[in-house]
Amino acid sequence: MSTVVAQALHVFGLRPHVTNNVFFFDEQIIIFPSGNHCVKYNIDQKWQKFIAGSDKSQGMLALAISPNRRYLAISETVQEKPAVTIYELSSIPCRKRKVLNNFDFQVQKFTSMAFSPDSKYLLTQTSPPDSNLVYWLWEKQKVMAIIKADSQNNPIYQVSISSQDNSQVCITGSGVFKLLRFAEGTLKQINFQRGESSNYLAHAWVSEDRVIVGTDTGKLFLFESGDQRWETSIMVKESTSSRSLEVIQESESLIEFPPLSSPVSSVERMDITTNTQQQAMPQVFAIAAYSKGFACSAGPGRVLLFEKVEEKDFYRESREIRIPTDQQSNDPSQSDKQDVLCLCFSPSEETLIASTNKNQLYSITMSLTEISKGEAAHFEYLLYPLHSASITGLDTCIRKPLIATCSLDRSVRIWNYESNTLELYKEYQEEAYTVSLHPSGHYIVVGFADKLRLMNLLIDDIRPFKEYSVRGCKECSFSNGGHLFAAVNGNVIHIFTTTSLENINILKGHTGKIRSLVWNLDDSKLVSAGTDGAVYEWNLSTGKRETECVLKSCSYNSVTTSPDAKVIFAVGSDQTLKEISDSLILREIPAFDVIYTSITISHSGRMIFVGTSVGTIRAMKYPLSLQKEYNEYQAHAGPVMKMLLTFDDQFLLTVGEDGCLFTWKVFDKDGRGIKREREVGFAEEVLVTKTDMEEKAQIMLELKTRVEELKMENEYQLRLKDMNYTEKIKELTDKFIQEMESLKTKNQVLKTEKEKQDISHRERLEELVDKQTRELQDLECCNNQKLLLEYEKYQELQLKSQRMQEEYEKQLRDNDETKSQALEELTEFYEAKLQEKTGLLEEAQEDVRQQLREFEETKKQIEEDEDREIQDIKTKYERKLRDEKESNLRLKGETGIMRKKFSSLQKEIEERTNDIELLKSEQMKLQGIIRSLEKDIQGLKREIQERDETIQDKEKRIYDLKKKNQELEKFKFVLDYKIKELKKQIEPRENEIKVMKEQIQEMEAELERFHKQNTQLELNITELLQKLRATDQEMRKEQQKERDLEALVRRFKTDLHNCVAYIQEPGLLKEKIRGLFEKYVQRADMVEIAGLNSDLQQEYARQREHLERNLATLKKKVIKEGELHRTDYVRIMQENVSLIKEINELRRELKLTRSQIYDLESALKVSKKTRSQEVPESVISKDVVGSTSTMRLNEQEETGRIIEMQRLEIRRLRDQIQEQEQVPGFHTIAGVRLPSIVDSDVDFEVHTK
């Protein structure tokens, strides 16, 4: 066994074509089939547990759960044999309880099943032509009863047992409705159909003997004990959205044109429409009963709830539930047109689950249906939108935990394997064949039937930004670095770059369709494999094959490489896994009777996983073993289409033809996860376009304004309500006060009455007590008397029993005496018999002795007779012996002769055997050659068949396109007429629109001008405000200075006034004046004024030096740039001169070739004149000239193309030079001048003429 273990972790998908495919295990857990498993899914906690199907199972057909929810029955086909497996759901993990697979009757498969109410019995229905209904006691694997359900082999859709009675059984089918009762080991029909039979699709028990039955014409019947009690017809109702869409479509066009992508012809389309009109009746595919009534499907996307009318035997429609339209669908009006195939209520009847024919699960809370009165309620997705067809593409990325899948249901989906959710999905008009996810997780490449599209993964959308005309691309893959991606077109590989989005390489070499691509780790090589049996390794730098391994007998399905890219692993149709290295097959590991469909290897190179055609996966350890050393796991219900490992080797991802996606956790044998440390966590960034952000910002603004408005409205409403409620409260308080007063009076009255009643009750109680005491005394007296009587009777009975005991003892003694007498008599009787038998025995012994004596005498006589006979025989054989000896001598001579002949013949035989061995070896060689040739023939036949198919497809496509063209030409006239009318209607509106647009542009210009003016004015205002603040500060400083000066002047005046008093005394006056000078005039002021002037001069000189230095550096930069531009210009001029020289040389060659052509043409004219004279010579010369002329013409075309390319290059370079000349500071060199292209063009045209 392998040491690699995979454990199923989560599944995205619902298995189709299973009867009763969803159940509730409890309020939170549901059970549904997915792949080759049944899944227990917790709705609240979002976990899944798996119940694996049987080994080598070919598919589940039907499910059934017991009423006590302990057992689950699964009908499946195991190794082409039907079987019913019953699991015990209460055990963890769920274990098999019983397997019903030994049958005494013919059975192909079980199509429907049901448990009895007590879960002891199981009812199963087999498929036609047997159509047996079997009633099992399943725990003992015993068939209790079996009956043929329908003698006409009509299909049976559903069987069930009554919800309260084990013995009542109901079956419904095409023209079949039977009620049966199990009694005395048989099933007997208790109802008989009257009138026309219908196609009964579903039924449900609503009570012990009542059944609701639905038909394909939208009718519901209620049967009670086989008699019809009620009937109704479901009316077709369309949702408002679909009606509005139809009205719009009718108003847009009176004639319906077929879509361009539809290959169906108009006649076939009419047939389809008639069929759809016939099938417009709502078909009742599912019915589920609950306590209030029942729910039933009523046509596409519609479920009706019926409730029982009280005290009557019929039901009325109470609610309608619809499947919502899917806005991500390519046709939202048709997305809700799904048939509901199964309905299921939770145990508390709080939730209803529905499954549809498009493999979707929907749920609804029943309380919501009661809230939505008048309008139809809508289902919600129980999980998320799932794939409804085969998944064809799978990929994952490095930077995010994302999985990308695409399917034949025309959808692309992005899943998150970390949170097990659906991130994005979108449906398209074309089928998607392959998908590849960029390592960053921001882009995907999808191959559609019409084109290859490169798309962005936005936050809520998948939006294409580049399309390539690669039709029907079945394989594509991003490189590990993400800078390249490869796409397959039939047998050709295109390599595109993600930077310039151009096709940089085309790899050709395969002769068949390419099935698989894989890049090596450094993206330098690409490995491809296809149906032609070829595995190629391409070198992308050269575009050539480096290694190749071709085995035409094998059609490869998948390929992968080891991490070091030295070994290639390939799987295909020959049931082997091949190890290829250096173009040689190193080993072939057998697949043991299955075909490997896909393969992947871990990034560590130690684990290999392969998917098989029967839906299983195998985990192997590398290096591989030739023995069965692998672990095999049940996975899908069909071939595994794709599989891969995540970048950290933690999870295995697989997709299948059944439309399911599995995620597996990978472990080693000890249960440890294979750890690869992530250096960086998963990225959380998403792509959002600028327009989306602006729209969302606008929406947010609008919503904010709306919220403000609503707040205002709510406040106003609240104030109104407060006023109303205060008034009501006042009214109620007044009312309640009045009522309280009235109640108080009533209470007083009642108290008085109560007191009266208490008095009367006391009197009555006293009377009753007296009466009871009297009765008790009477009873005691009676009981005493009865006791005395009973005691007397007891004594009498005791005496009787003593007497009877004495009698019985006497009888026992008598019996013992009689017994001993009887024993003595018997012994005497048997002793007499014994004596008689001994006498008889002695007589018999004497007879035996007499017989022995007689035997001895007869023996002697026989011996004597035998001796005589022996003597006679002896003489006879002696005579014969003599004769034989004579003949023996004669034969010895003959044998000598024959021995010589034998030796010669033996030599011949040895020679012949040697010849035969040589021929056998030649035959083996020839057989090997024949086998290889047969394999080649088969491969060629397959190739021819595939090419024929492609040719037929293309011819069919051409035919369909021709038909479409004819139809479109028919409708062209009508469309032209409509276009003219619409143009007439549109012209005035367009003029108005133009006028309005001009007005809007003018207004926008004015608005921009006003905005600019406003900004300029705001700037001016800020500048002025700053200036104002500065002037205010200066003004305050000046005012302060002014105040200081005024104070100084006042002080000076006072001091001067004091000095005036000494005017008559000069000496004192002089001293006072000197004191004033010293007080008011200071030397520091003078020094400060001089210092300020010197500082200003220094600052000015410093700034000047700085500006001069900057100017010098800028001059140097300008000179350097000019020199650089000059060198570039000289180089370009030199290139142009060389190119013009080449052109002139090519023109000279062209002129020579033309002159040669002219000479040859003149020679031809001469040869035409002399044709009649020399016919054969002229023919030869004509052939020669024709061949030379064709050669010359081809050369002429080639030279013309070269000249055209050179001319375009020269023009491009001239434009480049002009752009360079327009750059400021760039000057042309006066010495260099190019020859004019115009003159050369004129010369060229003259020569050509």
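Using N, Cα and C of the backbone, Cβ positions are placed for all residues, glycine too.
What Swiss-Prot annotates here:
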REPEAT    105-148  repeat 'WD 1'
REPEAT    335-374  repeat 'WD 3'
REPEAT    427-469  repeat 'WD 5'
REPEAT    635-674  repeat 'WD 8'
COILED    690-1056  coiled coil
COILED    1094-1165  coiled coil
Under the DSSP assignment, what numbers of helix, strand and coil residues are found in the repeat 'WD 8' (635-674)? 0 helix, 21 strand, 19 coil
Using DSSP, how many residues of the repeat 'WD 1' (105-148) fall into helix, strand and coil, respectively? 3 helix, 25 strand, 16 coil
For the repeat 'WD 3' (335-374), what are the DSSP-based totals of helix, strand and coil residues? 7 helix, 17 strand, 16 coil
Mind checking which residues of the chain, 6+ beyond the ends of the repeat 'WD 8' (635-674), have their Cβ under 8 Å from one of its Cβ atoms? 2-16, 34-36, 59-60, 359, 386-398, 401, 403, 405, 407, 409, 415, 417, 420, 597-604, 607, 609-617, 619
In the repeat 'WD 5' (427-469), how many residues does DSSP assign to helix, to strand and to coil? 0 helix, 27 strand, 16 coil
